[in-house]
Amino acid sequence: MSSEVSARRDAKKLVRSPSGLRMVPEHRAFGSPFGLEEPQWVPDKECRRCMQCDAKFDFLTRKHHCRRCGKCFCDRCCSQKVPLRRMCFVDPVRQCAECALVSLKEAEFYDKQLKVLLSGATFLVTFGNSEKPETMTCRLSNNQRYLFLDGDSHYEIEIVHISTVQILTEGFPPGGGNARATGMFLQYTVPGTEGVTQLKLTVVEDVTVGRRQAVAWLVAMHKAAKLLYESRDQ
């Protein structure tokens with residue numbers, strides 16, 4: 001990939017919407033696959049009462065729109081200002097209690113797990129029915145649109161074309177607890193070709209530090225898949 005193309009993919013611009021300032025991709029086609037579109041606000045003329053507590057709007061009880069769902073609420077039911085990274089807002093924005101809770105949970109992904117995905121981890125990678133795995137570093141691209149696999153060869157998988165993400169586990173530790181993560185199974189399509197391509201990532205067991213990083217990467221990728229499916233269903 002040329003540096004010029006890479007820079008074009010990552011270019012961003014600051015825009016002002018009715019909800020606040022947003023840092024969005026210069027080219028819409030290069031937006032994050034985890035992003036959400038701004039909702040259509042419920043028209044003011046249809047907002048006579050708070051959609052949570054049913055308080056009637058008047059001179060003293062003002063209406064506010066939740067920036068995530070677009071519904072209208074009174075100040076008491078829509079007072080929290082919470083980061084909303086999936087819509088690219090620069091500053092925390094007003095959200096109803098239900099949406100604020102969801103956005104706070106997503107903030108953990110952006111603050112912690114996204115960094116893990118961008119840093120990458122090393123796996124034994126098996127393509128399709130091949131019996132010979134290749135040691136490769138897997139990481140998410142800076143614009144969050146591609147999964148890069150680098151070893152003796154280089155592959156780019158477009159995130160939006162991933163259809164299946166499954167963590168592979170084995171056994172249970174002594175004394176109970178969660179099953180041990182050993183890898184991940186992915187299915188994805190390649191534009192211009194028929195059928196589904198399969199990919200298996202296996203954790204390298206002989207390096208403790210590398211294993212911890214690899215398992216953290218698997219967990220982060222599983223969370224990313226959930227956000228991806230939500231964005232598709234919007």
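Using the three backbone atoms N, Cα and C, a Cβ is placed for every residue, glycine included.
For 44-104, the entry in Swiss-Prot reads zinc finger, with the evidence type sequence analysis. If you look up Swiss-Prot, you'll see Cys50, Cys53, Cys74, Cys77 marked as Zn(2+) 1 binding site. Sequence annotations record features per position, and here Swiss-Prot assigns Zn(2+) 2 binding site to Cys66, Cys69, Cys96, Cys99 based on sequence analysis. Among the features that Swiss-Prot reports, region 'PH-like' is placed at 107-234.
What Swiss-Prot annotates, mapped onto the structure for a quick look.
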residue: Cys50; record: Zn(2+) 1 binding site; Cβ neighbours (10 Å): 22
residue: Cys53; record: Zn(2+) 1 binding site; Cβ neighbours (10 Å): 10
residue: Cys66; record: Zn(2+) 2 binding site; Cβ neighbours (10 Å): 26
residue: Cys69; record: Zn(2+) 2 binding site; Cβ neighbours (10 Å): 18
residue: Cys74; record: Zn(2+) 1 binding site; Cβ neighbours (10 Å): 20
residue: Cys77; record: Zn(2+) 1 binding site; Cβ neighbours (10 Å): 20
residue: Cys96; record: Zn(2+) 2 binding site; Cβ neighbours (10 Å): 24
residue: Cys99; record: Zn(2+) 2 binding site; Cβ neighbours (10 Å): 22
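In the three-state DSSP scheme, Cys99 (Zn(2+) 2 binding site) falls into the helix class. Per-residue pLDDT, averaged over the region 'PH-like' (107-234), rounds to 89. With respect to their backbone Cα atoms, Cys99 (Zn(2+) 2 binding site) and Cys77 (Zn(2+) 1 binding site) stand 11 Å from each other. The Cα atom of Cys53 (Zn(2+) 1 binding site) lies nearest to that of Cys96, taking the binding-site residues Cys66, Cys69, Cys96 as the candidates. When the binding-site residues Cys66, Cys69, Cys96 are compared by Cα distance to Cys77 (Zn(2+) 1 binding site), the shortest distance belongs to Cys96. Under the three-state DSSP scheme, Cys50 (Zn(2+) 1 binding site) falls in the coil class.
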